[in-house]
Amino acid sequence: MSTIKLWIDPITRIEGHLGLYAEVDAATRAVSVAKTTVMMFRGFEVFLRGRPPEDAIAITSRSCGVCGAAHANASTRACDAAAGMTPLPMGNVLRNLAYAMTDYTYDHPLILNMLEGPDYSELIVSKLTPSVWQTAQQTPAKYSSIHGYRTIADIMRDLNPIQGRIWQLTVKYQRIAREAGVLIYGRHAHPATLIPGGISTDITNLASLLQEYYARLSLLTAWVKFVWAIWQDLYEFFRDHVSTPDGQPYALTQGKTHDPPVMLAGGWSDDPEVYSNIYDEAGGDWVKMYSLLDKAYNARWEKPGFAIGHEIYSPNPTEIQLGYLEFADSSFYEDWVKANVAPPYGWLKTDPLGRELAYGTDLYKYHMWNRTTIPKPGAINFAEKYTWAAEPRLLLKDGKIAPIETGPISQLWLNTLHATKVEVDNHKAWESNGSQLKVYLPGGTVNPDLPPGTAEELVITWNLPKYSTTMERLLARAVHLALVVSLAWANLLYAFKLINAGKIQTSRPWSYGKWPSFSYSFGWWQVPRGNCMHWLVQQNGRLANYQYEAPTTPNVSPTNNRCTDPWKGQCAGPFEMSVRNSKVTEEVPPDQWTGLDLVRAIRSFDPCLACAVHFEAKGEGGRVYNVIEKVIWNACSL
């Protein structure tokens, strides 16, 4: 049989500009080639040089109108460490409370119900996979007491864009979530109150502010139960009732990424006391503070680390980042190492504690502290360079090189493997035992928008999957949404404890120019799309180098030849791997395939390309497309 070649460009219902080229065997419906292209470059790292480090908080926030607070928070942690100061406990609590709302509780439902949801709506399912639609009409929903829908088809009908009730409720509740966060941030998507060593929120009427937050959190708690129940039902339906062309359960195999999985998480929600106390332990010395970062990161209420399969390779960010490298083999950048373009301070060989970058190998020049961004535009050539997305890889201590996946699923993965719990007073937020994670949501008053079941207490159980697949990623996002709201309750309780103890101050004394003569550090912060990572080097209060990666950067990474076994044949980012491991299930002739399963796989990561590539370069006459066999110019209909 013939090979069907698909160009899907642009992939819609994502942030930014992403194209997909795929080759599919018409007989087996299996994908043999998958390449993703990002045709936009922005150069934020270039124009950050020479600025005061604290400016990076506001400037990197402008990378994107969706996840501005993500970059602001990662940058704030990098600045905290390089300046040698952290907030007081109330400052940490306010940082946590704001982020839980403006990005997570706002973003996760929007991603699930408005960006990814239409792929599972009546409009798409009934048109492209009518047998699945017929089965959905006959399949009772298991969680109807929470979401109120009788059948799976009823859920799919309300996922129809604009007209569907789920879509409409998402518009309403994303606003409520943003309102809660803006009480602290002042605005969103670009927070106005994050500063090194604190937060500048007006706390004159702090108790009143927290009461306003509480009112919104109560409504949102019912809302996230509703959202979780919808996606739990959809996941179980695609697991138990839908198969791929080779007879495998759709949810367990379709869109699989690496084998073994490679999961990176940064954690978030700083422990109010632990993160505050490392300032006192370090005595204002930035190197001493760097030595305490792993302690602070591991005390976070969501846990950091890198896992290979079901084993934690390391829980310590300062150790993991020693081997965090970025290459430019397949992307539109000059290889700064081959060009011998060192940063202005020369090649850094060690971290602040004297540990060798890249474990003493000659790859240390590819570490983020040594990276120089040199754009090298070109035409798409899949045999050479074909995207503006760079190529992060993780060098392990034993010399192996691995690809990287990050996202809500990676955060739940690490939380589970840490085998721990988070509890404040009588509120247990979550607990795990190494193979299973449980999330606890409190009860409340009946929300008139939602079924009465959303007012009941709820315990959600998530079992660590064998692989990351399309449906596993969607379910993980829904479970993570619930976990975040549970952590918001934990932080709110902690805030009231601090008020009762008279500890309402938020920030340590900081002023413009208060920087060591030379320092360098990094900041990691788990965000809706995964781990947001910033690295900075400053000299005399000016940035000598600043490099950052959005979660989408490792996920959208192109293929290169850097990986070693067991990933030697899998040396591509999760986007490309997930498409490679997808099969077409559309019930139409091959010449009518739209690539539904392929874009489902990619959308399950919630790509954010503006952040991933950071000046747009356009040739004369705009962009030229070479028509191969089938070009989907605009996937809006998907």
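Note that Cβ sites are derived from N, Cα and C of the backbone, with glycine treated the same way.
For Glu45, His614, the entry in TrEMBL reads Mg(2+) binding site. Residues or ranges marked as Ni(2+) binding site by TrEMBL: Cys64, Cys67, Cys608. The feature Fe cation binding site is assigned by TrEMBL to Cys67, Cys611.
Using a 10 Å radius centred on the Cβ of Cys64 (Ni(2+) binding site) and all shown protein chains, the other Cβ atoms total 24. According to DSSP, Cys67 (Ni(2+) binding site) is assigned to coil rather than to any helix or strand. Within 10 Å of the C-beta atom of Cys67 (Ni(2+) binding site) sit 27 other C-beta atoms, taking all shown protein chains into account.
All protein chains considered, the CB of Cys608 (Ni(2+) binding site) has 26 other CB atoms within 10 Å.
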